[in-house]
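Have a look at the structure below, then the notes.
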Amino acid sequence: MNPNQKLFASSGIAIALGIINLLIGISNMSLNISLYSKGENHKSDNLTCTNINQNNTTMVNTYINNTTIIDKNTKMENPGYLLLNKSLCNVEGWVVIAKDNAIRFGESEQIIVTREPYVSCDPLSCKMYALHQGTTIRNKHSNGTTHDRTAFRGLISTPLGNPPTVSNSEFICVGWSSTSCHDGVSRMTICVQGNNENATATVYYNKRLTTTIKTWAKNILRTQESECVCHNSTCVVVMTDGPANNQAFTKVIYFHKGTIIKEEPLKGSAKHIEECSCYGHNQRVTCVCRDNWQGANRPVIEIDMNNLEHTSRYICTGVLTDTSRPKDKAIGECFNPITGSPGAPGIKGFGFLNENNTWLGRTISPKLRSGFEMLKIPNAGTDPDSKIKERQEIVGNDNWSGYSGSFIDYWNDNSECYNPCFYVELIRGRPEEAKYVEWTSNSLIALCGSPIPVGSGSFPDGAQIKYFS
């Protein structure tokens, strides 16, 4: 190729490149006009590209009117599965952290009728869970809500300390018996629904149905009525089916993301198990339960969350904590129920079995669901000779109480141990106050342990039921 041909060829290439650049420029101008016009009508419609590198650094590239804004943020890692690696904190007394006064508010506000409330926490907060009756206190449908199992019941949650209303309550699942717990990543919930002789448990994980469990004894399949506990992605639940006043059939069931990975029939010396109050510690779960058949002493289930195995026995102390119950005994029983008049049927309760710092809760009345007290009984879980060392009144005996159970905020990073907490249900209405109202509902108080001694006080429901007449 001679010099003139080379010159013409180079000129042609330059002209072609110039035309291409001109076309690209026109395209960019058209795109900018289009984006600007679209942004005027939809100012939030910006283009965003997010890239996450291996160091968990997030690069956010936001294109606004052809301008790139780069934000560099450190991504918060997922909290991960809960590991029960701490022991219980020592407690010298109990302080109230929440009291919802639901019945007092219910005299003039639209408060939902509930029973069987409990408290359960997640990495962000603690909430109250309760089984509603499909009505509010002032609604005529509240008549007859003393019945435990109806088609209108379901589990709701509300911010702890707030009385449950239609506007602040979140529906969880349909049923008349429940338990719920968070594994650090998401929440698992179980509700039992249906007929007494043919009930079904529905299991939800991350608010999605994952498993169903059909009755195995055709006699009121039921579960804890307080929170379950998880360790390293496995959540354990105690469920019972069978007679309330005779030999029943209890299972300890292990779940992963809402699906069953193992079942165990009840082992050990406990004769009857219902409504367990469970808490986690040292890679174990301890459940303090209700013997509705024979024992005024409470049965205990100890669960190894590494081996997924359990055993059962009774709290050893002769200080009895069920209701109704006979007089306290000088010597307790570790492996057999303590009977006597008045004895059965019983009430849901709890305890924290922490060797020398063991605390047990019970109604003050041995016969009625009234009053509530916490008793410090060193080594009550293992020593039949153990005696009451300290007593703290929570609700005076001239006021109604009800179910009680344990809970723990496992995500409280301010402590090197798990601070024990509990709640007390304050039942109002029928059957004790049938003279004034036709409904049964409750308010709730929640308390947590203090590392130093505390003062005194009584925290009753406080509503004047005659105002509802």
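The backbone N, Cα and C atoms fix where each Cβ goes, glycine too.
Quick look at what Swiss-Prot annotates:
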- 7-27: transmembrane segment (TRANSMEM)
- N28: N-linked glycosylation site (CARBOHYD)
- N32: N-linked glycosylation site (CARBOHYD)
- N46: N-linked glycosylation site (CARBOHYD)
- N55: N-linked glycosylation site (CARBOHYD)
- N56: N-linked glycosylation site (CARBOHYD)
- N65: N-linked glycosylation site (CARBOHYD)
- N66: N-linked glycosylation site (CARBOHYD)
- C89-C417: disulfide bond (DISULFID)
- C121-C126: disulfide bond (DISULFID)
- N143: N-linked glycosylation site (CARBOHYD)
- D148: active site, proton donor/acceptor (ACT_SITE)
- C181-C228: disulfide bond (DISULFID)
- N198: N-linked glycosylation site (CARBOHYD)
- C230-C235: disulfide bond (DISULFID)
- N232: N-linked glycosylation site (CARBOHYD)
- C276-C289: disulfide bond (DISULFID)
- C278-C287: disulfide bond (DISULFID)
- C316-C334: disulfide bond (DISULFID)
- N356: N-linked glycosylation site (CARBOHYD)
- N399: N-linked glycosylation site (CARBOHYD)
- C421-C448: disulfide bond (DISULFID)
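Swiss-Prot feature annotations superimposed on the structure.
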residue: C121; record: disulfide bond; Cβ neighbours (10 Å): 19
residue: C181; record: disulfide bond; Cβ neighbours (10 Å): 26
residue: N198; record: N-linked glycosylation site; Cβ neighbours (10 Å): 11
residue: C228; record: disulfide bond; Cβ neighbours (10 Å): 27
residue: C230; record: disulfide bond; Cβ neighbours (10 Å): 28
residue: C235; record: disulfide bond; Cβ neighbours (10 Å): 29
residue: C278; record: disulfide bond; Cβ neighbours (10 Å): 26
residue: C316; record: disulfide bond; Cβ neighbours (10 Å): 23
residue: N356; record: N-linked glycosylation site; Cβ neighbours (10 Å): 10
residue: C421; record: disulfide bond; Cβ neighbours (10 Å): 24
Could you tell me which of these disulfide-bonded residues, C126, C276, C287, has the greatest number of Cβ atoms within 10 Å of its own Cβ? C276
Would you kindly give the Cα-Cα distance separating C278 (disulfide bond) and C228 (disulfide bond), rounded to the nearest Å? 6
Among C89, C289, C334, C417, C448, the disulfide-bonded residues in question, whose Cβ has the most other Cβ atoms within 10 Å in this structure? C289
Compute the C-alpha separation of C235 (disulfide bond) from N356 (N-linked glycosylation site), stating it in Å without decimals. 28
Among N143, N232 [glycosylation sites], residue with fewest other Cβ within 10 Å: N143
Going by C-alpha distance, which of the disulfide-bonded residues C181, C276, C278 is nearest to the residue listed as 'active site, proton donor/acceptor'? C276
By a simple count, how many Cβ atoms lie within 10 Å of the Cβ of D148 (active site, proton donor/acceptor), its own Cβ left out? 16
If you draw a 10 Å sphere on the Cβ of N399 (N-linked glycosylation site), how many other Cβ atoms land inside? 17
For C89 (disulfide bond), the closest of the recorded positions by C-alpha position, picking from N143, C181, C316, C448, is C448
Where does C316 (disulfide bond) sit in the DSSP three-state scheme? coil
What does DSSP say about N356 (N-linked glycosylation site): helix, strand or coil? helix
Can you tell me which recorded positions out of C230, C276, C316, N356 are within 10 A of C287 (disulfide bond) by Cα, answering none if there aren't any? C276
Are there recorded positions among C126, N198, N232, C278, C289, C334 that sit within 10 Å of C448 (disulfide bond), Cα to Cα? If so, list them; otherwise say none. none
Based on Cα distances to C181 (disulfide bond), point out the closest of the recorded positions C126, N143, C230, C276, N399. C230
Measuring Cα to Cα, how many angstrom lie between C121 (disulfide bond) and C421 (disulfide bond)? 11
